[in-house]
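According to TrEMBL, the protein has these features:
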- 12-28: transmembrane segment (TRANSMEM)
- 34-52: transmembrane segment (TRANSMEM)
- 81-107: transmembrane segment (TRANSMEM)
- 127-148: transmembrane segment (TRANSMEM)
- 160-179: transmembrane segment (TRANSMEM)
- 185-207: transmembrane segment (TRANSMEM)
- 219-251: transmembrane segment (TRANSMEM)
- 257-346: domain 'STAS' (DOMAIN)
Amino acid sequence: MAQFKFFDGQGASMYIIVVITMLIMYFLPKYTKAIPSGLVAIVVLTLVVYLTHLDTLTVGSLANLSEFQGKLPHLIIPDTLFSLHAIILVLPYAVIMALVGLIESLLTLAVLDEMSGVRGSGNKECIALGCGNIASGFFGGMAGCAMIGQSIINFTSGGLGRLSSFTAAVGLLVLVISMTDVLNAIPVGVLVGIMFMVSIGTFEWSSFSHLKHMPKSDVFVMVTVTLITVFADLAIAVIAGVIISALVFAWKHARIFSKEHIEEDGTKVYELEGPLFFGSATTFSDTFDIQNDPQKVVMDFKNARVMDFSGVEAIDNIVKKYEKAGKTLYLRHLSQDCKKILKKAGPHCTYEEDDPTYKVAIDY
């Protein structure tokens, strides 16, 4: 969507350049991949515009790079480095920028993994991103992160090695310093066409065919994230998608079921099924009929899992109610980890050979 603003006030030449760029990027790789199609489009159309004096928007019309008078940065240690006031002031913005950078970098890594069939290391990416941004700050630079569009252009242009992104940065620096007149002559329409093709290539068009088979909640999340990405920002879209998915998960699993039966000796057994966490704790508490239950009651967690501390508290509270009613309660098939965390209910746990081995989130 950010590319459409360049069409404002432009004539037919802008549209023609965009279309020709997209055609070059689509058809050229079918014949040869020795030369990046994006580079061919930039060189050919820049020459055509320059030689024919075609009236169209160029990079120089937006920002004249010939006026660049920068110099190489030098090491700067801020005076406020150890100032508590300065740290408190910048900390919220630093956290936001770190989250946005990490999310977009990991998304870029996931897209490239899908395209290349090779799995990259998310840990290495995060460590390298953090070290690079820290070093950049000490030299007066701006924070940055991996970008999906530029990374896909790099990949589709044959940049598969470790030094490809470094080479691109050095090449850009050389161009800005020594070839500004050439950069100024590049038509904006070419760059817009390249970004259009990158967007088209990135989008999973096959996902449309799966919509009718997907759960409505998943469709809602996918459409919402797509719209936010298009009209707002990728990082905001990811955060919104994670929040919506978490809420949908909690809503779907906020129910724990129970099958009840009476054994020959009069013991009532509650066979619980489902996850026990903050979302299902209330339903769990309402499952039991403490006043009308027999003197001996068993809760069987063989088909249930205690997920977090809210689930542990719910069990302890139920045990207290049964103790207050003067009834005997046994808890079966809880994990060893869960038994250690339980305070009031610990002595009521039985130990079976087939006890599960899962952990509770309170430990992490």
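Placement of Cβ uses the backbone N, Cα and C atoms for every residue, glycine included.
Residue counts for the domain 'STAS' (257-346) under DSSP, helix first, then strand, then coil, are 29 helix, 31 strand, 30 coil. When Cβ distances are compared across the two stretches, the transmembrane segment (185-207) makes no contact with the transmembrane segment (81-107), since fewer than 3 pairs at least 6 residues apart fall below 8 angstroms.
Same-chain residues lying 6+ beyond the ends of the transmembrane segment (219-251) with a Cβ under 8 Å from its Cβ atoms: 1, 99-100, 103-104, 107, 148, 207, 211, 278-279.
Per-residue pLDDT, averaged along the domain 'STAS' (257-346), amounts to 88 for this model.
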